[in-house]
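These notes concern the structure reproduced below.
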Amino acid sequence: MTIRSVVLGCGSYLPQRVVTNAELASRIETSDDWIVQRTGIRERHVAAEGEFTSHLAINAARAALAAADVDPQSIDLIVLGTSTPDNTFPATAVAVQDGLGIHHGAAFDLQAVCSGFVYALATADNFLRSGSFKRALVIGAETFSRILDWNDRTTCVLFGDGAGALVLDAQRQDGTSADRGVLTTHLRSDGRHKAKLYVDGGPSSTQTVGHLRMEGREVFKHAVGMITDVIVDAFEATGLSAETIDWFVPHQANKRIIDASAHKLHIAPEKVVLTVDRHGNTSAASIPLALDVAVKDGRIKKGDVVLLEAMGGGFTWGSALVRW
């Protein structure tokens with residue numbers, strides 16, 4: 001017998017305002033065709049003035065708790081993946097904890113940029129499996145619109161705001177790949193690439209927030225190889241394969257990266273969950289947002305094996321296999 005982190009429910013939240021490619025094309029030198037052909041993105045959501053990362057996260061968490069049909073007071077761990085916190089400190093996770101009326105247990109932020117949700121999931125899973133906590137909220141939430149240079153057409157068209165969450169419950173299972181819950185997680189990073197995708201500000205360096213900067217070609221060049229390698233690690237750890245998984249829910253950064261990764265791994269296109277067209281790249285929020293879409297539309301069902309992967313600034317990257 002072993003302890004697994006079983007998914008009880010998921011939820012998401014998107015700001016009301018939708019920004020289409022056409023709206024961006026009216027402000028900067030770009031076009032809907034240019035954006036769609038290179039990224040697959042058609043629109044993205046942008047947080048309203050006064051709407052913070054914590055607000056998005058609280059709404060997503062409430063939706064996940066409702067879907068799981070559990071009392072918020074049963075949560076004793078909150079791990080929030082974000083690169084756009086409300087404040088330098090305290091952690092945005094404690095604002096979420098307070099917003100949910102939870103005043104016990106532990107809550108903290110985890111920063112791995114677009115890999116943030118996979119890192120948060122792996123962290124919560126290890127805490128639950130160790131017996132330190134019993135029930136966790138794992139959240140990815142971002143307001144990337146606040147760190148974009150809206151005059152840089154190579155980056156401002158890519159990102160959006162949003163939040164998604166999972167409720168994980170520690171349950172005893174048989175210890176095989178037939179178990180429900182998180183089956184394996186694999187995390188990687190390589191700081192030699194830190195200048196290829198970064199924000200040019202921070203409290204220690206410039207005392208400013210800064211803007212996102214990216215060498216797009218370099219990111220694309222490394223992405224597919226890194227993503228596929230860490231997925232192979234997950235397959236080898238569990239004995240599962242591209243043929244035996246039910247769904248592939250990748251970080252929604254760019255449709256070309258997703259398509260190339262799926263092709264290299266021989267994952268059938270019909271198994272790939274794509275939401276990048278409607279959400280853009282929401283960084284740490286993208287995977288739980290996509291999961292919630294696929295659960296709500298009936299694709300992901302209890303017992304399905306779901307493969308997750310992400311890559312972000314640093315570079316950081318990771319994978320997870322979860323039986324729903």
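Using the three backbone atoms N, Cα and C, a Cβ is placed for every residue, glycine included.
The active site annotation in Swiss-Prot covers CYS114, HIS251, ASN281. According to Swiss-Prot, the region 'ACP-binding' annotation covers 252-256, on the basis of sequence analysis.
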- For the region 'ACP-binding' (252-256), could you work out the same-chain residues 6 or more beyond its ends whose Cβ comes under 8 Å from its Cβ atoms? 38-41, 114, 158, 220, 223, 274-277, 279-282, 286-287, 289-290, 311
- Query: In the structure shown, which of the active-site residues CYS114, HIS251, ASN281 has the fewest other Cβ atoms within 10 Å?
  - Reply: ASN281
- Message: With DSSP assignments reduced to helix, strand and coil, which class does CYS114 (active site) get?
- Response: helix
- Query: Can you tell me how the residues of the region 'ACP-binding' (252-256) break down into helix, strand and coil by DSSP?
  - Reply: 2 helix, 0 strand, 3 coil
- Item | Nearest-integer angstrom distance between the alpha carbons (Cα) of ASN281 (active site) and HIS251 (active site) | 8
- Item | Cα-Cα distance linking HIS251 (active site) and CYS114 (active site), given in Å to the nearest integer | 7
